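One structure, pasted below without further comment.
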Amino acid sequence: MLNFENRDPTSESKYQIHEKKLIKNVLVELERLLIYANIPYPVYFAFEDDDIDAVLADVKRNDASGQPATATTGSYKLVVSGPEPKRIASPTITNIQGWLPGLKADGDLNQLPTIAIVASYDTFGTAPALSVGSDSNGSGIVALLEIARLFSLLYSNPKTRGRYNLLFGLTSGGPYNYNGTHKWLRSFDQRLRESIDYAICLNSIGSWDNKLWIHVSKPPENAFIKQIFEGFSTVAEELGIEVGLKHKKINISNPRVAWEHEQFSRLRVTAATLTELSAPPELLESTGGLSDSRHFVNEDAIVRSIKLVAESIARHVYGYQGKNIQIFADDTSLAVNAPYIRSWLDILSQTPRVAPFLSKNDPFVMALKKELQAHTHEVNVQHEVLDEMFTIYDLTKAKLNIYQVASVTFDLLLLLVLGSYLITLFTFLVITTRGLDDLISLFRRPPSRKVKAV
Amino acid sequence: MTLFHFFNCAILTFGPHAVYYSATPLSEYDTLGTSVKAALVYLGTALVKLVCLATFLKVSENDSFDPYQELLHALIGFIDVAGLYFALTQLTHRNISQNHKFQAVGLGWAFADSVLHRLAPLWVGSRGLEFTWDYILQGLEANANLVFSISLAALGSLMWLRKNKPKTLIPIIYACAGIVATMPSITSYLRRGLGWHFPKVVGFELFTSLMMAFISLQLFSACQRPSS
């Protein structure tokens with residue numbers, strides 16, 4: 001059923017796109033069912049191939065005919081070998097932050113204002129080893145890295161360095177009410193927190209057609225929100241993108257945090273989330289599970305999102321709001337690098353990133369840190385313990401062996417057949433070599449003893 | 001496929017040997033020593049064959065039928081016949097009639113062959129969970145092999161131990177002996193050259209073994225008549 005050939009995305013017909021959407025919807029439904037159902041037996045996911053197809057066809061055929069399984073048809077035994085899953089005691093989450101300092105004028109003692117760009121990098125799904133989250137939030141990670149790269153180019157030269165600090169944050173614990181972001185912000189120095197002008201959180205920007213949403217917690221009439229939204233709208237119009245504003249009040253007593261910017265808003269920092277989703281996702285929804293594979297992500301959408309964000313931020317930093325200028329124009333040294341995006345997206349689509357299974361020195365986390373180090377001045381890694389929301393057990397991958405077995409009745413029958421064969425052979429040989437009398441004499445007891453007893 | 005299946009295949013492979021020994025007069029005359037000696041001779045022959053094969057045969061990558069290699073294989077197979085000759089003629093047996101001698105030698109020969117070639121795969125393979133028909137077919141093959149060995153021993157004893165044979169039958173005896181001796185090459189040709197599947201090959205072996213047994217029985221009784 002899940003058969004993805006390597007189709008060229010630009011030449012897809014409408015039917016193929018529709019088919020993809022159907023498959024995606026089915027997977028999303030399936031995942032939601034599995035997450036919330038109480039299943040008393042383990043559920044395994046495997047990739048389809050010829051052998052599994054043959055087994056499935058066999059079992060279906062047998063079921064349909066209603067016959068009991070014989071030696072050669074239908075009876076299969078599934079065996080998983082491996083250790084008993086153990087509970088993970090204190091799962092760690094790792095936040096990575098990169099700091100690009102702005103240009104401080106000589107004699108200026110005040111703290112420069114900061115703009116933060118944040119994306120959460122971990123995923124969650126019913127099958128953790130398959131939760132690669134290409135869109136949620138692979139697209140966000142890739143966009144953040146590219147924006148960091150572009151601004152590092154600008155900030156490398158003091159002549160083009162802006163008067164804003166840039167803070168890049170790759171947070172973990174996203175599916176668990178953005179627990180990582182919460183802990184990251186709590187670790188901030190008061191002055192740093194107060195210097196943040198605004199924060200842009202990137203979430204799922206990889207599979208949209210022409211509309212993006214900016215979700216905020218402060219009311220739209222707020223001056224800061226108005227400024228941010230206008231900046232984004234102007235750039236969006238130039239790029240041919242539609243941007244909508246959505247306001248959701250935060251409820252401090254409700255532990256559910258649907259958007260990352262809400263963690264900032266709870267500490268009174270102006271923040272917004274840029275995403276293709278129009279409604280806030282429920283708990284454990286849109287967390288990069290089974291259905292979120294590479295095929296559903298459009299690089300072009302990510303490129304356009306990067307242009308939108310980078311351009312809007314740059315205009316704010318350099319004071320070019322409302323002016324018709326393209327800083328990150330195509331075919332320049334500051335153009336958005338599509339191959340870079342593609343290669344990072346491909347890697348992310350092959351790396352499952354469920355936070356409790358990422359150790360402190362997980363190679364992928366280290367790779368993200370190294371990449372951010374290449375683009376920023378200073379990188380800090382923060383290890384925290386994930387708050388106890390769920391009990392998590394290890395063992396994400398196992399080897400499943402499917403054997404075709406014959407029932408015990410088959411072996412019993414075989415024993416019967418063999419027994420009779422050997423007995424026939426025995427009698428045949430006795431008759432032909434020793435004569436029939438010998439055969440009978442084997443069974444008759446000597447009669448003399450009986451007579452004596454009487 | 002569990003120990004039960006292993007037990008079943010084992011009695012199919014080795015049962016007939018025990019049954020043959022106990023059913024025929026062999027057990028009455030206590031010819032176990034002869035059989036054991038024949039088995040040891042088989043082991044020695046197998047070792048010699050192994051060395052020759054390793055020295056002279058090339059390892060082929062694909063499973064196709066190479067006539068030259070198969071010819072070499074058949075020639076080395078004649079070492080089998082030499083071994084049988086040694087077992088029949090050179091070993092000192094207790095005073096048992098010719099009739100029983102060839103049966104005991106054939107039985108020991110076939111038993112050693114089954115143990116050497118079939119016990120290890122049976123032990124390792126048939127105890128697993130996956131079910132295949134292979135081990136049952138292997139057992140049937142062992143049965144056919146038993147019949148072949150006894151026929152070959154009969155023909156061998158006719159050739160080397162019996163001095164007064166009717167002239168007309170001599171070429172037939174040698175021809176039948178030749179066929180039985182080259183049986184392994186024939187089966188490997190069928191499997192590789194013609195591409196027959198294992199069940200078909202085993203069926204062919206069973207059929208030919210019964211045929212050859214019948215023919216050798218006729219020959220043996222025909223040769224027996226003048227002397228009796």
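Just so it is clear, glycine is given a Cβ too, placed from its N, Cα and C backbone atoms.
Given the structure is predicted, the values throughout are model-derived calculations rather than measurements.
The transmembrane segment annotation in TrEMBL covers B:39-59, B:71-92, B:104-124, B:144-161, B:168-190, B:202-223.
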Under 8 Å for C-beta pairs, could you tell me which stretch among B:39-59, B:104-124, B:144-161, B:168-190 has the largest tally with the transmembrane segment (B:202-223)?
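Result: B:144-161.
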Among B:39-59, B:71-92, B:104-124, B:168-190, point out the range having the most Cβ pairs under 8 angstroms from the transmembrane segment (B:144-161).
B:104-124
Between the transmembrane segment (B:168-190) and the transmembrane segment (B:39-59), are there at least three Cβ pairs closer than 8 Å, leaving out pairs fewer than 6 positions apart?
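These two stretches do not touch.
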Let me spell it out: take the transmembrane segment (B:104-124), skip the flanking residues so only those 6+ beyond its ends count, and list any with a Cβ under 8 Å from a Cβ in it.
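Distal contacts: 6, 9-10, 13-14, 17, 20-21, 26, 31, 34-43, 46, 84, 87-88, 96, 135, 138-139, 141-142, 145-146, 148-154, 157.
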